[in-house]
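What TrEMBL annotates here:
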BINDING   Gly115, Trp116, Thr117, Gly118, Thr119, Gly120, Lys121, Asn122  ATP binding site
DOMAIN    285-342  domain 'Torsin-1A C-terminal'
SIGNAL    1-27  signal peptide
Amino acid sequence: MKLWRGPLRAVLALVLLLPPLLPPASAVEPISLGLAIAGAAASALTGFISYPRLYCYFRECCLQKHDQRVAAALQENLDKKLFGQHLVSKVIVKAVKGFLNNTNAKKPLALSLHGWTGTGKNFVSKIVAESIYKRGLQSKYVHQFVATLHFPHAHSINLYKDQLQSWIRGNVSICPRSLFIFDEMDKMHAGLIDSIKPFLDYYELLDGVSYRQAIFIFLSNAGAEKITEVALDFWRNGRTREDIQLSDIQNALSMSVFNNKNSGFWHSTLIDKNLIDYFVPFLPLEYKHVKMCIRVEIKSRGYAVDEDILTRIADEMTYFPREEGIYSDKGCKTVDAKLDYYYD
């Protein structure tokens, strides 16, 4: 061990002086050639590059966590932090675990998450990112696109298509296990998302690049009405939400999204060519689930749970349908703001 001390100290000193290997990601701007320069500099560290575990201790690496650890962390976080979404927990864990354990995937993993605001879509995508990378959504290998922010103008759709393709190609070239999250798909201009169709298809290589290890997650409110319709049917027939199976919703959900003119998936080739692996339904949240959200948020702020305040906050939320008042119309989205009123 003593023989390592001198070289190890030198390596550590060089690591601390090095700039990050990649420049900060800039949304919808193609990756630069800086990687080649940075790669050459890194290779100059004699012997250091031969010890990836040591290197990755100081610099974030592509797929830092072992596949089994990813699945375990994902399951644990969903069990502890996600409420009322038995289908989501089951599908997400199985899909991600199976994909990461598959050493010969034929295509990237594509998940489309659907449901009302506040039911947990963004929260789950965050948990997936954190399960794979230590820095979660802040990782340089995780890329988020928000339709109204990154693709606001219908007249620029052709430009967006070119930029999006360049961005995905550049980042997958750097890290095959890149994660791409597309938020507000229901607000995206129709036809834009079809530009990434080649990357999701069953190609071994495209211009020398394989996309088969990448993960694509789409978030959308489109299809929420169909999900609620199924949930209400079960409730009115005296069956619990836990009786709902993916087979009861998935086909109707995909068709609803495909035919929704207000959806970025309207008549999309991604759906038509069956390139979305799972349409994941987020059920509308009930009163009891809202209370669970409130309880967890109170504890996360370091306060003792006051049952009276907890109940008052849950009662202040509005519920639908008007006659039955079963589901929170904003899910758990406004819980944080309401707690500010009572505690801060």
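Here the Cβ of each residue, glycine as well, is placed from N, Cα and C on the backbone.
In terms of DSSP secondary structure, the domain 'Torsin-1A C-terminal' (285-342) contains 32 helix, 5 strand, 21 coil. When pLDDT values are averaged over the domain 'Torsin-1A C-terminal' (285-342), the model yields 93. Other Cβ atoms within 10 Å of the Cβ of Gly115 (ATP binding site), summed over all protein chains shown, number 26. One way to see the shell of the ATP site is to take the Cβ centroid of Gly115, Trp116, Thr117, Gly118, Thr119, Gly120, Lys121, Asn122; the remaining same-chain residues with a Cβ within 8 Å of it are Phe123, Asn221, Phe282, Gly331, Lys333. For the binding-site residues listed here (Gly118, Gly120), the lowest count of other CB atoms within 10 A around the CB belongs to Gly118. Cβ-based neighbour count (10 Å, all protein chains) for Trp116 (ATP binding site) stands at 24. Counting every protein chain shown, the Cβ of Thr117 (ATP binding site) has 15 other Cβ atoms within 10 Å. The binding-site residues under consideration are Thr119, Asn122. Their Cβ neighbour counts within 10 Å are lowest for Asn122.
With a 10 A radius on its CB, Lys121 (ATP binding site) counts 25 other CB atoms from all the protein chains.
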